[in-house]
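Okay, structure first, notes after.
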Amino acid sequence: MRRLAASGAAGAAGAAAAPAADSTDCAQGRSPRPRRLIDLCALWDTGVSSPAAGWKRASGIARRRLNEAETLSSVQEAQLERLEAARPGRLGSGERGPVLRMARQPPPPSVHAAILLCLLSLSGAIEIPMDPSIQNELSQPPTITKQSVKDHIVDPRDNILIECEAKGNPAPSFHWTRNSRFFNIAKDPRVSMRRKSGTLVIDFRSGGRPEEYEGEYQCFARNKFGTALSNRIRLQVSKSPLWPKENLDPVVVQEGAPLTLQCNPPPGLPSPVIFWMSSSMEPITQDKRVSQGHNGDLYFSNVMLQDMQTDYSCNARFHFTHTIQQKNAFTLKVLTNNPYNDSSLRNHPDMYSARGVAERTPSFMYPQGTASSQMVLRGMDLLLECIASGVPTPDIAWYKKGGDLPSDKAKFENFNKALRITNVSEEDSGEYFCLASNKMGSIRHTISVRVKAAPYWLDEPKNLILAPGEDGRLVCRANGNPKPTVQWMVNGEPLQSAPPNPNREVAGDTIIFRDTQISSRAVYQCNTSNEHGYLLANAFVSVLDVPPRMLSPRNQLIRVILYNRTRLDCPFFGSPIPTLRWFKNGQGSNLDGGNYHVYENGSLEIKMIRKEDQGIYTCVATNILGKAENQVRLEVKDPTRIYRMPEDQVAKRGTTVQLECRVKHDPSLKLTVSWLKDDEPLYIGNRMKKEDDSLTIFGVAERDQGSYTCVASTELDQDLAKAYLTVLGRPDRPRDLELTDLAERSVRLTWIPGDDNNSPITDYVVQFEEDQFQPGVWHDHSKFPGSVNSAILQLSPYVNYQFRVIAINEVGSSHPSLPSERYRTSGAPPESNPADVKGEGTRKNNMEITWTPMNATSAFGPNLRYIVKWRRRETRETWNNATVWGSRYVVGQTPVYVPYEIRVQAENDFGKGPEPDTVIGYSGEDLPSAPRRFRVRQPNLETINLEWDHPEHPNGILIGYTLKYVAFNGTKLGKQIVENFSPNQTKFTMQRADPVSRYRFTLSARTQVGSGEAVTEESPAPPNEAYTNNQADIATQGWFIGLMCAIALLVLILLIVCFIKRSRGGKYPVREKKDVPLGPEDPKEEDGSFDYSDEDNKPLQGSQTSLDGTIKQQESDDSLVDYGEGGEGQFNEDGSFIGQYTVKKDKEETEGNESSEATSPVNAIYSLA
């Protein structure tokens, strides 16, 4: 838990002001008053005079280093003598107004240098406020605000634009010179000048050649107070000349020899960008053996046979025209002792010996010899280059004699063949050397670097604004190598040829002004140059006469915090510079001293605010032209304080944490409580809840660890309290992996553990990656306890290993470490063979042999391949074999599903693996034959039993049987049902759903190929089924239907007759028609007639068909069933009755009245007969 320093804001008053000046200021190298006072520190320390004898009204401070005084010229020293002897009110440089004469004492020898240091550091300029209203009111000489670069290169396809912008009051006018002669714009119709600007526009839409306008241009901006100049702008038109056509003969070179392909691009403006490609526009791969130099040439440290596989074309890209020009391509013819170009040897550790190339010590291709020199300008980039030949390809290293390379500015390029040092300074001069080395030896080339410098500013002249009668100076100091010369001009003319001015004196790089007047206004130019360039600066001298005026809003309200230091600002402006005084609550005494301090810029500092300091403050600015005043109202507020601060906490992942923050503040101010995490604004997500006095974090995660700062703030002040939340998290990644104890089959790996993040590391997992079989894929190698940081790793032959380490604790795993350097082990024959060897047919006449390919750690050597052998099992055939580079081989023209013996053996360039195991495989399967002895039995009407035997020719592995069956009744078929059985099942019992219908069964066997030949059987026919089928066939004939319709009509007529007879009564002789004579017990038929009673006159009682197809009796015991031979009636599929009509036996007398014989159609027929 830590409280941070509270910062009290004072509203518009800004931050706390600087401390009041006292005697410690000089000891610390500061001036007692920060603005427009001469620096008396140097004089004070030498004891030349007391403070009372110093200058009272000096203006402007710009301190200079004391050792720079040693470079003063004799002219400046003579000027110093004159200044010391001058009247007190005319002290030159930055002094202004009347001064007190100094008490003359014999000065020590260092006084002259000290006084001169102070004089040179003065600048008598009045600062013009940025207020636009003031800027627009004041007259001002011209100032160049925008201009084109000194070396202005333009695109010939576009119009030419030469920029020149300036400001001034009144607005300046512009004119140009070309090649130091007046450039008459009005006479050239292609040239125009932008409105209210000096920018030149040269238009070529109507014709003309841009090259005609090349030259040196300079812009002049002029108003009635002076003339400002732009730089001399050198206009050049971009050029992209064509490449000269040439026929290039093939370049013949011995393998291993060095080679340089020269580009020699056509000179362009600016210089083109060079790059090498093939004639088919494929980029040339560059490495430390083949690379492009800074001059554009392509260098081969040693040529290899593979370099013949492409041609080489130099390309130049021109910036302005965006065009690329291509040189005719070089073709190489490499003479070699080993014409076989084996690509596997490119990464061989001894590639050159393997190809029979003789090894050579390094020698430099560029630069030549053992030493050279180079000059560079200050501020530019230094590029040093060393390209060496040799076999093997040399490595390049860079050193500086007598010191180290500047690490902050130096970087290596082009595979360490180039050293670039940016922003060169004089300290970068000296001797550099590059060291080229290979296993055959090393050589060194020394480059002597000289740093020259175009002119650069030490003191650039600044605009000088003075009040009438004030003194001032312009200083123009520059440095360079060689030392630059200084030339002064006024309004664009040499100062020597300008009209004389008695108030102006030139002392080398300084112009001194005394008692300036309105007529002294002008623009001065300082031109400093040497052989490497020039600098041109404009600085105007302006004399202003302005009464005081306030720059801040009137009657401001300033609220401040109790006990804080605050400052009340009162910005003002005037010329001469006004004096300023402060008053409180209208009291007449000036506020200065004690708890108050007034600064030169008009600000009033109150060192410690108290309640009684609240009130109205008035500032008054006065000069000889008048006065101005403003008021500020000050209110004092209570500070904001956090009285219950958050505390440091340690939390596990997933738990809840609460941080408290309770605040006391001034009730008249609005309080805002916010939180920071690691000093950045905290995003309140859905896992966080912010309340007025606390912050709650739910489900703490690793990313929540850090410092949490509670910020309680008002518009005036704030208070901070910080707490740290520690989350037990995953460890940081291990670092600095190192391989030592290198052996053929082992290596020691050492690492530095990362931070455990408050949870001890329990394990380390070492992973490896190889670049041959699965580049970029990491595999676990081994696991070690968390207490170790070094382990010996067992390695496999012929693997280019790269290792990384992962740390594990109870929370989780770290990110993987950065990978180690690579280590390749030597090769050996394989020690194992591929696993998961299988032989399976994909077609009926083949067998596909597959296996799991071996990985990088089991290959043991290059060109891993597999010897595949096979033969039919249990035969004495010779083994067939084939060599395969993949993981499968297909044997063709095989019999259907026969066993084979299979062997797969690994082999690499170092030899074969061990004898492989024999695996049994099978050739392709085919459709099986039909199941044998398919039998259908029906033990009863509810059950059907099916049995079968396995197919005679399965033609593979049976995977099951498929049974399809369907019920049928005559021509009507039911829904087909499919059953699947396991290959071992040969029986099936089916429960009949319909006891009348028959079933048709189809059975087939299945292999992986599909279902084979099917066998079909039907269930046995039930009783009466043949007859029923015949009846069904007759019932569908047309003649039968007609006959039955005729019979039905006849029956209907007979019924009608019966009803008519019955309604009349009477007896009908029927005895002779019956098959059986009436018994003596029948009293109603004694006279041989059948008597119908009223009881028999009942409605006909029909019969109904039940859902199961049987005829049921309804109310009457008599039914058609009684007339059949069988016990129950039968119907065909169309519902017609198929039983036999017979005469029912006579019933007993007791049942006669209940019979319905009289109403039966059959009985009616018998009665009529």
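Note that Cβ sites are derived from N, Cα and C of the backbone, with glycine treated the same way.
Given the structure is predicted, the values throughout are model-derived calculations rather than measurements.
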Region 'Disordered' according to TrEMBL, located in which of 1-31, 1024-1054: 1-31
Below 8 angstroms Cβ to Cβ, which residues of this chain, lying six or more residues outside the region 'Disordered' (816-841), approach it? 349, 733-735, 737-739, 742, 744-745, 747, 749, 751, 767, 769, 771, 778, 795-806, 847-854, 858-862, 864, 866, 870, 887, 894, 897, 900, 902-914, 916-917, 919-925
Would you kindly check 142-238, 244-331, 930-1026 and say which stretch has the most C-beta pairs under 8 angstroms to the domain 'Ig-like' (455-542)? 142-238
The domain 'Ig-like' (142-238) versus listed stretches 244-331, 362-450, 547-635, 639-721, 930-1026: most Cβ pairs under 8 Å: 244-331
Can you find at least 3 Cβ pairs under 8 Å between the domain 'Ig-like' (362-450) and the domain 'Ig-like' (244-331), where each pair is 6 or more residues apart in sequence? yes
Return the average pLDDT for the domain 'Fibronectin type-III' (833-926) as a whole number. 92
